[in-house]
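Here is the structure we will look at.
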Amino acid sequence: MIQFTKMHGLGNDFMVVDGVTQNVFFSPEQIRRLADRNFGIGFDQLLLVEPPYDPDLDFHYRIFNADGGEVENCGNGARCFARFVRNKGLTNKNKIRVSTSAGKMTLRLERDGTVTVNMGVPVLDPSQIPFKAKKAEKTYLLQTPQQTFLCGAASMGNPHCVLDVEDVANANVAEIGALLTKHERFPRGVNVGFMQVVNSGHIKLRVYERGAAETLACGTGACAAVVVGQIQGKLDQQVRVDLPGGTLTINWEGEGKPLWMTGPAQHVYDGQIQL
């Protein structure tokens, strides 16, 4: 039997598994079955806690989408990861350092129960996002057979394009998201953010995630939106980001500096499952 915990960060929900004290392996097919909301546990991502590869770090953090594919990073998941390892007694630290396939992250448990995550320095060089463009720009034109879109692009360990919208509540997220997530200029696919700027310290955001469709919240998407908004001169250093599942606070001092994201991490239940 495998012990697991169901958690969520703003409704972005996870199956979290301790791979430190348990010997676990999940095939893509098993992950797809477990992710099914009718026949399985149901989740957006599976988070796996593994022992660190580097003695200076506390854990290795792996993320699998509901389609079974492994991805580089998940900000909402990182907050749940921090709360999980602390709740399960895998560490007694308030500041936790982890590696992911995209690099290293620092997670900080706050006194009010929220978790602050150092999301790293955003990548703006198109070749590193990866995104097909001659050079880094504030905005890019994305052409599709139906229409042309203006977007910003950045990577937070995973690729994002961000569109400015007048009214996020009525944005055609499902259709445009599905169209752009597989756009040929993003060789590894892309997460698509729909950003409404309320004022320079406040945005509303919906995100169509690569491999998962629209989710209630996307931490890396919130970071990417703030980066794009700041570069375009629309946003301040600290920004409140309202997502369908709740609110995150993002702090960024500008190019070359890491982003800090603060938000909740909720425990839902503990369970066990036979694979």
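Every residue gets a Cβ built from N, Cα and C, even glycine.
The feature active site, proton donor is assigned by Swiss-Prot to Cys74. According to DSSP, Cys74 (active site, proton donor) is assigned to coil rather than to any helix or strand.
The active site, proton acceptor feature in Swiss-Prot is assigned to Cys218; the stated evidence is sequence analysis. Look at Cys218 (active site, proton acceptor): DSSP puts it in coil. The Cβ of Cys218 (active site, proton acceptor) has Asn12, Gly75, Asn76, Asn191, Gly193, Val207, Glu209, Leu243 as same-chain neighbours under 8 Å, each 6 or more residues away in sequence.
Sequence annotations record features per position, and here Swiss-Prot assigns substrate binding site to Asn12, Gln45, Asn65, Gly75, Asn76, Asn158, Asn191, Glu209, Arg210, Gly219, Thr220. For Thr220 (substrate binding site), applying a Cβ distance below 8 Å and a minimum sequence separation of six or more within one chain yields Asn73, Cys74, Gly75, Met119, Met156, Gly157, Asn158, His160, Asn191.
What Swiss-Prot records for Tyr269 is site 'Important for dimerization'. Over all protein chains present, the Cβ of Tyr269 (site 'Important for dimerization') has 8 other Cβ atoms lying within 10 Å.
Sequence-distant neighbours of Asn65 (substrate binding site) (same chain, 6+ apart, CB under 8 A from its CB) are Asp44, Gln45, Val71, Glu209, Arg210, Gly211, Ala212. Per the record's binding annotation for substrate, residues Asn12, Gln45, Asn65, Gly75, Asn76, Asn158, Asn191, Glu209, Arg210, Gly219, Thr220 show a top Cα-Cα distance of 17 Å.
Taking the Cβ of Arg210 (substrate binding site) as centre and 10 Å as the limit, one finds 23 other Cβ atoms among all the protein chains shown.
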